[in-house]
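Copied from TrEMBL, the annotated features are:
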type     : residues : note
SIGNAL   : 1-17     : signal peptide
TRANSMEM : 41-66    : transmembrane segment
DOMAIN   : 59-310   : domain 'G-protein coupled receptors family 1 profile'
TRANSMEM : 78-96    : transmembrane segment
TRANSMEM : 102-125  : transmembrane segment
TRANSMEM : 132-150  : transmembrane segment
TRANSMEM : 162-181  : transmembrane segment
TRANSMEM : 218-239  : transmembrane segment
TRANSMEM : 251-271  : transmembrane segment
Amino acid sequence: MTLVSFFSFLLKSLIMALSNSSWRLPQPSFFPIGILGLEESQHWIALTLGILYLLALVGNVTILFIIWTDPSSHQPMYLFLSMIATIDLVLASSTAPKALAVLLVHAHEIGYTICLIQMFFIHAFPSMESGALVAMALDCYVAICHLFPHSTILHTGVIGRIGMAVLVWGLPLLIPFPILLQKLIFFQTTIIGHAYCEHMAVVKLACSETTVNRTYGLTVALLVIGLDVLAIGVSYAHILQGVLKVPGNEARLKAFSTCGSHVCVILVFYVPGMFSFLTHCFGHHVPHHVHVLLTTLYLLMPPELNPLVYGVKIQQIHQRVLRVFTQKD
């Protein structure tokens, strides 16, 4: 199953699940209104988001093009990198266009089902990216700590199974999000204090009991991210132990540089995400517009920074990009 067919199947399944749910009341319309408190600066914020989105598109498409056209890049690390680039493209494209429409042309209204689908994508694809980071940590561990050739352990069949596990990781837990929301009662016209449909922002607007939604959302976030961070931590503990056993400073530096780009991407992904999550749960005194900016940047910064990190840190990609853009006719 290709990524395109998987995403098509996922979208059709989600629409079918929403259509067959027990919702019987008239579906409300949602109105994301942007960033309250920064109305005078919203055009400048939109310009910044637009630049980030454009950089994310160009960077990730470039990474995918290089890996696709260069046979020497068909190795585990690059295949996992292409998976992250694809996830980043979908994640950025599920958020930025609507946010830009809200901020620039005040296209606030969004349909009920479309809002739930956007909310699902916004939460599902970060969980996929988190799983892909676990896969790359496993790749670093195998490359540094195992005596057997890399390709004998992470061959094509294993990489395919890992890739499918990454795609479905967290989905069984995330699919109930929009379905549980359909059990809630909303007013016919509902204003969201964001530039897109964010799960807890929508839950807070319900005029019925939301304890189940809040508890389930917090539990899923802690479970998915907690297990991934634990797996990455265990992998890097073994990697560090293996590197310290390598004789010679030059060999150690080479081993560290092998996974240096991965560590940078982990920090780019998890640090803003954890800060946004903690602010949402415990930062009751944090201004609303600060929280909205943090959550929006959290969804756009990793897709924009990941290609830059890999383009600088991975010599093969760096050289290929230079060849593409400096090649003369």
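Along the chain as shown, residues are numbered 1 onward.
Cβ coordinates come from backbone N, Cα and C, glycine included.
TrEMBL: automatically predicted annotations, no manual curation.
Relative to the transmembrane segment (41-66), the listed stretch 102-125 leads the set 102-125, 162-181, 218-239 in CB pairs under 8 A. Restricting the average to the domain 'G-protein coupled receptors family 1 profile' (59-310) gives a pLDDT of 80.
Residues 3, 7, 49-50, 52-53, 56-57, 60-61, 63-64, 67-68, 118, 121-122, 125-126, 128-129, 132-133, 135-136, 139, 159, 162-163, 166, 196, 265, 296, 299-300, 302-304, 306-307, 310 of the same chain lie 6 or more positions beyond the ends of the transmembrane segment (78-96) yet place their CB under 8 Å from a CB of it.
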